[in-house]
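Structure, as structure tokens:
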């Protein structure tokens, strides 16, 4: 078993890490780190458990340690659910010795830090060697993208491989859990929609092109098509919905696009990794699907569901669809865990 820990263990994504790591066949959760306010106390005493499942008994009495490299003990991999401002300061310190699989945004766009979706760009893990050489670390940092970016890019990948994408427009309807438990006051979101999420549109527009780019002699060359995003917070607990419009340079048959999505598999599926969904993208034909309440938990929340796939008659060589992905599973903790499973398998 590989000993692992969670940084930022008391927050919503930290709790999702704990839930997904409980009874994991390869990883044993031995360390929970949080702020100095929580350090030295049992996890069950300091964590206000938010998830709609019971807190695992294995962590209830586990003593929380400070978020400091000297405090985490004998671990091999650390999963980071830290806020971006904290992550930027402390993740490099941990990476001097440990493997850090980070969900935080702080280091994502560093030129020597792999930003990875295992089904999309596993070859970017080659940057680990570059990172260690440049920074003199024994460990390293690997990051996963923004939650909305992950769902979008998983659906774009089979299309990108088969056609030439000219531009992508995406409008997101994002669950409140993406902002954390205290992120959106109930009076601000009930009977309402908030048409702005700070920094979200920029993340989608840059990360998507980065992920679909090429690694050339240690340098990522982003994909060259345009991405335009508009992001909205909606009164849904879990599960981001995205309306996607794609313009291609090529003529296409919509049935071929559907087949490409349905048959899409990546390295995690070939390797049979524990957290890998059987199908990264599940295509549904019902007119009223996908819906977050009905589809966010597809394959344990690790698959993205696509529906309303159709040609767009208003524009040449264009298509549209709607997707739903679980933002704290596939879009956060599950993404980091799948990255770690891949690293554990191939490195």
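Here the Cβ of each residue, glycine as well, is placed from N, Cα and C on the backbone.
The NADP(+) binding site feature in Swiss-Prot is assigned to 10, 11, 12, 13, 37, 38, 177, 178, 327, 328; the stated evidence is sequence analysis. Other Cβ atoms within 10 Å of the Cβ of residue 37 (NADP(+) binding site) number 11 in total over all chains.
Same-chain residues at least 6 positions away in sequence with a Cβ under 8 Å from that of residue 203 (phosphate binding site) are, in sequence order, 105, 145, 146, 148, 149. According to Swiss-Prot, the phosphate binding site annotation covers 108, 203, on the basis of sequence analysis.
In the three-state DSSP scheme, residue 147 (active site, acyl-thioester intermediate) is classed as helix. Per Swiss-Prot, the feature active site, acyl-thioester intermediate maps to 147; the stated evidence is sequence analysis.
If you draw a 10 Å sphere around the CB of residue 200 (substrate binding site), it holds 21 other CB atoms from the protein chains shown. Residues or ranges marked as substrate binding site in Swiss-Prot (evidence: sequence analysis): 174, 200, 233.
What Swiss-Prot lists as active site, proton acceptor is 240. Counting only same-chain residues six or more apart in sequence, the Cβ atoms lying under 8 angstroms from the Cβ of residue 240 (active site, proton acceptor) belong to 147, 148, 151, 172, 173, 174, 175, 178, 292, 324, 325, 326, 327, 331.
Positions annotated as region 'Disordered' by Swiss-Prot: 276-299.
Here the compositional bias 'Basic and acidic residues' (281-299) has long-range neighbours at 154-155, 158, 175, 236, 238-241, 258, 261-262, 264, 305-309, 322-326, 329, meaning same-chain residues at least 6 beyond its ends whose C-beta is under 8 angstroms from one of its own. Taken from Swiss-Prot, the feature compositional bias 'Basic and acidic residues' covers 281-299.
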If I take the alpha carbons of residue 10 (NADP(+) binding site) and residue 233 (substrate binding site), what is the distance between them in whole Å?
23
Are there any residues in the same chain, six or more apart in sequence, whose C-beta is under 8 angstroms from the C-beta of residue 177 (NADP(+) binding site), and if so which?
12, 237, 238, 327, 328
So for residue 174 (substrate binding site), how many other CB atoms are inside 10 Å of its CB?
24
Rounded to a whole angstrom, what is the C-alpha distance between residue 108 (phosphate binding site) and residue 233 (substrate binding site)?
23
Given the recorded substrate site (174, 200, 233), which additional residues of the same chain have their Cβ within 8 Å of the Cβ centre, ordered by sequence?
148, 172, 173, 178, 179, 194, 197, 231, 232, 234, 240
12, 147: which of these recorded positions has the highest Cβ count within 10 Å of its own Cβ?
147
